[in-house]
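Q: Could you have a look at this structure, given as structure tokens, before my questions?
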Amino acid sequence: MVGATFKTHTADTVRLTEEQLKAVSHLDPELVRIGHEVIERQKKESFIQAWRNHGRAAGWSVFLSSALLMEGFDTAIINSFFALPSFLASFGTRGKNGKLAIPANYQSGLVNIAYVGQIIGLFLNGWCQERFGSRKTFIGGMIIMALTIFLAFFAVSLNMLLVAELAMGVPWGMFQTLSTAYAAEICPIQLRGYLSAFASVGFGGGSFIASGVLRACLQISGEYGWRLPYALQWVWPVPLALGCFFAPESPWWLVRKGRFDDAEKVLKRCARPGFYADKEAEGYVAFMRHTDSLEKLDAKGGSWGEMFKGVNLRRTEIMFGVWLVQLWNGNMITGLTVEMLENAGMSTTGAFNMNLVLSAMGIIGVAISWVALGWTGRRPIYITGIALEACCLLPIGILGTIPQTNARLNAMGGLMIVINLLFHFSLGPVCYAIVGELPSSRLRSRSIVLGRFVYVVSAIIGSQLRARMVTATAWDWGAKSAYFWLGCNLVCLTWTFFRLPETGGFSFAELDILFANKVPTRQFTKVKIKHEAVEIGTEKQAFDHDEKAEIEHVEGGAQGDTILDEAERAVVQQQPVPGHVPTLA
């Protein structure tokens with residue numbers, strides 16, 4: 001029975017457990033109630049209203065997420081360099097077909113060594129963000145980024161490029177998870193999903209810019225045809241670091257550090273003037289403290305090991321699954337589009353033109369996802385995206401099996417464009433919305449880091465396989481590799497249907513209650529959450545109101561008795577009563 005799986009429940013209701021009620025008993029229930037009312041008000045806001053009320057928070061979130069443009073840019077250029085004439089002239093070797101090519105081991109090495117750097121950056125961020133906050137960590141990452149670009153720009157061999165990609169991977173790893181955690185914590189509920197998903201715009205936008213730059217670099221002969229794209233990355237670090245100096249810190253981080261007054265100031269700074277009335281900002285901080293107290297039950301120290309204990313174990317499993325599904329859904333087939341289409345017979349210019357259109361889907365897809373997030377949840381978007389990608393992978397595999405013609409090559413490229421559009425409409429951006437909401441607040445930065453670590457390690461394996469599937473000097477599967485990705489896609493679809501719950505539209509405290517009560521995956525949106533701590537505040541408010549009314553009634557009665565006594569004495573003494581207007585007989 002479904003009901004038997006809940007700890008504290010009725011057939012369709014979940015509530016705080018006894019341990020959770022004890023954990024929040026030290027907080028002022030009246031302030032917690034006020035904070036809860038603010039959150040409920042935020043839930044009812046439309047996208048436009050939320051943007052007007054909290055546009056400052058959204059702006060800062062977008063600003064920090066723009067750092068991901070650099071990673072999207074470099075990831076795209078290094079994959080496309082393998083087909084860029086100037087890069088091949090500098091580093092390529094001739095294969096059996098007489099064409100210049102980058103050896104498969106260097107192709108996978110240049111991609112994977114950056115992943116190793118990202119792993120270092122991920123764990124560095126997991127420690128720094130919780131210790132120093134998002135602002136200082138971001139600025140430090142930008143300084144590292146500016147220095148490491150020198151290594152890539154002045155490289156004279158593939159081995160030097162390997163070192164450069166390793167070094168640049170460190171700040172990329174830091175930015176990957178920092179911006180997602182920051183967006184989830186600084187934005188209100190109605191904007192949280194949109195701004196967490198904006199991280200995907202960074203990757204997609206960076207890829208699109210890279211495609212345009214590489215298309216232009218086709219006309220540049222010599223080594224600057226590939227050095228120029230690296231040099232353009234120096235445009236970002238200085239303005240982003242300077243801008244972040246003025247950014248507000250995460251209010252949730254301030255609460256975890258006991259800086260409640262500073263958290264209240266940040267809330268007011270990130271909202272339009274006058275949005276918080278009377279004690280509402282103080283109440284919001286009280287509700288954040290309430291949530292933090294709930295999470296201390298399972299993550300008192302916020303350590304790495306606590307992610308695998310109690311209710312956090314389920315959250316961690318889902319975190320890993322969401323990241324892995326984003327990688328193995330089949331979209332990886334589009335990563336070496338230029339090389340695969342060239343090997344199939346398309347011209348270099350045609351392949352790069354196709355890649356430019358493919359990259360544009362990253363921006364268009366995220367725009368569509370923003371519309372979808374406004375009327376449906378994260379879970380249905382995830383499932384729909386995976387299923388539709390499967391419908392494209394099968395015909396790509398079939399086209400790769402039969403003899404190639406120009407029409408079939410164009411159809412193959414068109415299907416890859418559709419896959420990339422579907423990915424950036426669904427799994428690409430929505431993954432960041434889910435992973436930003438899924439962990440408890442005390443474990444958020446480290447949980448996202450660990451999930452991304454699993455993603456990166458898996459991506460190393462995937463890129464090794466993909467390079468060998470596509471490269472003519474290795475397995476040379478070409479488009480037939482779509483059959484492999486279709487199998488992976490179906491596994492991802494099965495896991496998502498049975499294990500991924502809906503996380504959108506809930507406060508962090510409500511998600512804590514749902515997980516603490518072990519609510520089944522498909523029941524998250526069907527149960528009613530009974531929040532006793534808030535009800536205590538409501539009852540206290542009602543009690544205080546009744547008590548005040550009773551006091552006023554008693555005082556009014558006492559005053560009436562006094563006037564009556566004075567009236568009786570006046571009758572005897574024939575004197576006027578103070579404050580009493582006699583009536584005419």
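Positions of Cβ are set from backbone N, Cα and C atoms, glycine also.
Pulled from TrEMBL, these are the listed features:
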- 60-504: domain 'Major facilitator superfamily (MFS) profile' (DOMAIN)
- 62-84: transmembrane segment (TRANSMEM)
- 104-125: transmembrane segment (TRANSMEM)
- 137-156: transmembrane segment (TRANSMEM)
- 162-182: transmembrane segment (TRANSMEM)
- 194-214: transmembrane segment (TRANSMEM)
- 234-255: transmembrane segment (TRANSMEM)
- 318-336: transmembrane segment (TRANSMEM)
- 356-375: transmembrane segment (TRANSMEM)
- 382-402: transmembrane segment (TRANSMEM)
- 414-435: transmembrane segment (TRANSMEM)
- 447-465: transmembrane segment (TRANSMEM)
- 477-498: transmembrane segment (TRANSMEM)
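Help me picture where these features are in the structure shown.
A: For the transmembrane segment (62-84), the residues of the chain that approach it from at least six positions outside its boundaries are 101-102, 107, 110-111, 114, 134, 138, 141-142, 145, 165, 168, 172, 175-176, 178-179, 182-183, 195, 198-199, 201-207, 209-211, 213-214, 217-218, 225-226, 229-230, 232-233, 236, 240, 243-244, 247, 335-336, 338-339, 342, 348, 351-352, 355, 359, 362, judged by C-beta separation under 8 angstroms.
Same-chain neighbours of the transmembrane segment (137-156): 64, 67, 70, 121, 125, 128-129, 163-165, 167-168, 170-171, 174-175, 178, 227, 230-231, 233-234, 236-238, 240-241, 244-245, 247, counting only residues six or more beyond its ends whose CB sits under 8 Å from a CB of the stretch.
If you look at the transmembrane segment (194-214), the same-chain residues 6 or more away from its ends with a CB under 8 A from one of its CBs are 47, 58, 61-62, 65-77, 80, 84, 176, 179-180, 183-184, 187, 228-229, 232, 352, 355-356, 358-363, 365-366, 369-370, 373, 424, 428-433, 435-437.
Within the chain, the transmembrane segment (318-336) has long-range Cβ neighbours (under 8 A, six or more residues past its boundaries) at 79, 82, 358, 382, 385-386, 389-390, 393, 396, 416, 419-420, 423, 427-428, 431, 434-435, 438-439, 447-448, 450-452, 454-455, 458-459, 462-463, 466-467, 470, 481-482, 485-486, 488-489, 491-492, 495-496, 499-501.
Residues 180, 183, 192-194, 196-201, 203-204, 319, 322-323, 325-326, 329-331, 333-334, 337, 354, 357-359, 361-366, 368-370, 372-373, 378, 381-382, 384-386, 388-389, 392-393, 395-396, 399, 447-448, 451, 500, 503-504 of the same chain lie 6+ residues outside the transmembrane segment (414-435) yet bring a C-beta within less than 8 angstroms of a C-beta in it.
Long-range contacts of the transmembrane segment (447-465) within the same chain: residues 108, 111-112, 115-116, 118-119, 122-123, 125-126, 173, 176-177, 180-181, 304, 307, 315-316, 319-320, 322-324, 326-328, 332, 335, 435-436, 438-440, 484, each at least 6 residues beyond the stretch ends and with a Cβ under 8 Å from a Cβ of the stretch.
Counting only same-chain residues 6+ beyond the ends of the transmembrane segment (477-498), those with a CB under 8 A from a CB of the stretch are 321, 324-325, 328-330, 332-333, 340, 343-344, 379, 382-383, 386-387, 389-390, 393-394, 396-397, 399-401, 412, 465-466, 469-470, 521.
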Q: Averaged over the domain 'Major facilitator superfamily (MFS) profile' (60-504), what pLDDT does the prediction give?
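A: The predicted confidence over the domain 'Major facilitator superfamily (MFS) profile' (60-504), as a mean pLDDT, is 89.
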Q: Need a quick answer: max count of Cβ pairs under 8 Å to the transmembrane segment (162-182), which of 104-125, 234-255, 356-375, 382-402 is it?
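A: Comparing 104-125, 234-255, 356-375, 382-402: 104-125 has the most Cβ pairs near the transmembrane segment (162-182).
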